[in-house]
């Protein structure tokens with residue numbers, strides 16, 4: 001029997017896919033457990049804000065245990081990333097347990113603030129005064145921590161970490177959008193479809209194209225025709241910046257509302273200046289998106305560590321001295337790549353958002369197109385992860401000889 005099981009051994013990709021499906025089942029089940037009935041929710045016309053929340057696994061159409069999604073977790077990752085960016089050596093020396101505790105404690109604090117904001121903005125005033133608000137906050141925080149735990153487990157034993165949860169949330173949001181009669185000419189509709197297709201091709205270009213910086217490899221003496229190069233993606237941060245930027249924007253809005261409400265109880269919940277119906281709100285979001293895209297890309301590239309690796313191995317760039325000169329050269333190249341990639345993604349997301357200010361009657365269709373773009377971008381990253389595991393399965397018979 002043991003021999004039969006070894007003969008038909010499941011590949012690692014199948015095991016991980018099965019685990020991810022189990023995580024998604026729990027997530028879908030949790031989103032259907034409502035804390036407050038739909039009739040007690042406030043009707044908000046800011047549709048893109050709801051769509052933005054769904055891009056992080058949340059849902060504010062109904063108040064369920066997973067309403068906050070991964071917003072507090074992603075926001076805590078942003079804060080810790082920006083703090084550690086100034087001293088990468090100290091960050092690399094931290095144990096995984098230290099990083100885990102810092103991340104979870106900060107997530108817990110942010111989820112309390114986010115819960116307070118969501119309850120006051122999306123639940124009717126009568127229901128807020130009737131119910132125990134602290135108990136509702138406790139339920140939301142508990143659900144958020146559970147979802148973070150599921151995403152963390154999926155990172156270890158599943159596929160692509162939080163990406164599948166976000167993808168299911170986006171699909172659910174797209175299915176619940178009500179498409180009304182489009183009051184536009186066929187030329188305008190055709191133009192929108194063409195722009196979406198062009199955007200998808202640009203995103204595919206960003207993911208597939210990489211920048212190659214050739215260097216001299218001292219160990220490469222046998223194959224003189226084979227050049228060694230350092231490769232970076234055009235957008236090293238990938239699709240995670242789209243979720244992080246929305247998370248940071250949501251936290252900024254909820255944080256400002258939380259602070260102002262402490263001094264003025266009659267403060268407006270809508271805060272029209274920080275919505276996607278306002279050019280100021282869109283501009284603030286795009287600035288956050290661009291800055292986070294740049295800093296996260298620089299964080300992942302880690303030119304300081306790369307220059308140390310070159311110094312240890314003896315490899316060097318033509319015309320560049322080892323050590324500090326190599327680090328300055330890599331920083332120069334990294335700035336060019338990271339700013340270009342971050343700016344390109346920001347422009348792709350920003351054009352349709354500003355377009356909704358000029359043609360508000362097409363805002364639902366444009367938001368749907370933005371969600372479709374984000375969905376394809378995330379799908380590309382998930383497909384890249386699956387391809388990596390397939391490579392592992394391909395070489396598994398060879399690797400098993402040494403394990």
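Keep in mind that glycine also has a Cβ here, set from the backbone N, Cα and C atoms.
Residues or ranges marked as transmembrane segment by Swiss-Prot: 17-37 (among others).
If one looks beyond the transmembrane segment (63-83) by at least 6 residues along the same chain, the residues whose Cβ comes under 8 Å of a Cβ in the stretch are 27, 30-36, 41, 53-54, 56-57, 99, 102-103, 106-108, 110-111, 114-115, 118-119, 122-123, 136, 139-140, 142-144, 146-148, 151, 162, 165-166, 169, 243-244, 246-248, 250-251, 292, 295-296, 299. Residues or ranges marked as transmembrane segment in Swiss-Prot (evidence: sequence analysis): 63-83 (among others).
Positions annotated as transmembrane segment by Swiss-Prot: 105-125 (among others).
Positions annotated as transmembrane segment by Swiss-Prot: 131-151 (among others). A Cβ distance under 8 Å defines the sequence-distant neighbours of the transmembrane segment (131-151), meaning residues of its chain 6+ beyond its ends; these are 23, 26-27, 30, 35-36, 57, 63-70, 72-73, 104, 107-108, 111-112, 114-116, 118-119, 161-162, 165.
Here Swiss-Prot flags 157-177 (among others) as transmembrane segment. Here the transmembrane segment (157-177) has Cβ contacts under 8 Å with residues 13, 16-17, 19-20, 23-24, 27-28, 31, 47, 50-51, 54-59, 61, 69-70, 73, 147, 150-151, 239, 243, 364, 367-368, 371-372, 374-375, 378-379, 381-382, 385-386, 389 of the same chain, all six or more residues outside its ends.
What Swiss-Prot records for 186-206 (among others) is transmembrane segment.
Taken from Swiss-Prot, the feature transmembrane segment covers 240-260 (among others), and the record attributes it to sequence analysis.
The feature transmembrane segment is assigned by Swiss-Prot to 276-296 (among others).
Swiss-Prot lists 339-359 (among others) with the feature transmembrane segment.
Among the features that Swiss-Prot reports, transmembrane segment is placed at 366-386 (among others). Same-chain residues lying 6 or more positions outside the transmembrane segment (366-386) and placing a CB less than 8 Å from one of its CB atoms are 13, 47-48, 51, 54-55, 159-160, 163-164, 166-167, 170-171, 173-174, 177, 179, 192, 195-196, 199-200, 203-204, 207, 238-239, 242, 348-349, 352-353, 355-356, 359.
Contact counts against the transmembrane segment (186-206), taken as Cβ pairs under 8 Å, peak for 339-359 among the stretches 17-37, 105-125, 276-296, 339-359. Outside the transmembrane segment (240-260), and at least 6 residues removed from its termini, the chain residues within Cβ reach (under 8 Å) are 52-53, 55-56, 70-72, 74-75, 77-78, 110, 113-114, 116-118, 120-121, 162, 166, 267, 269, 271, 274, 284-285, 288-289, 292-293, 296, 342, 345, 349, 374, 377.
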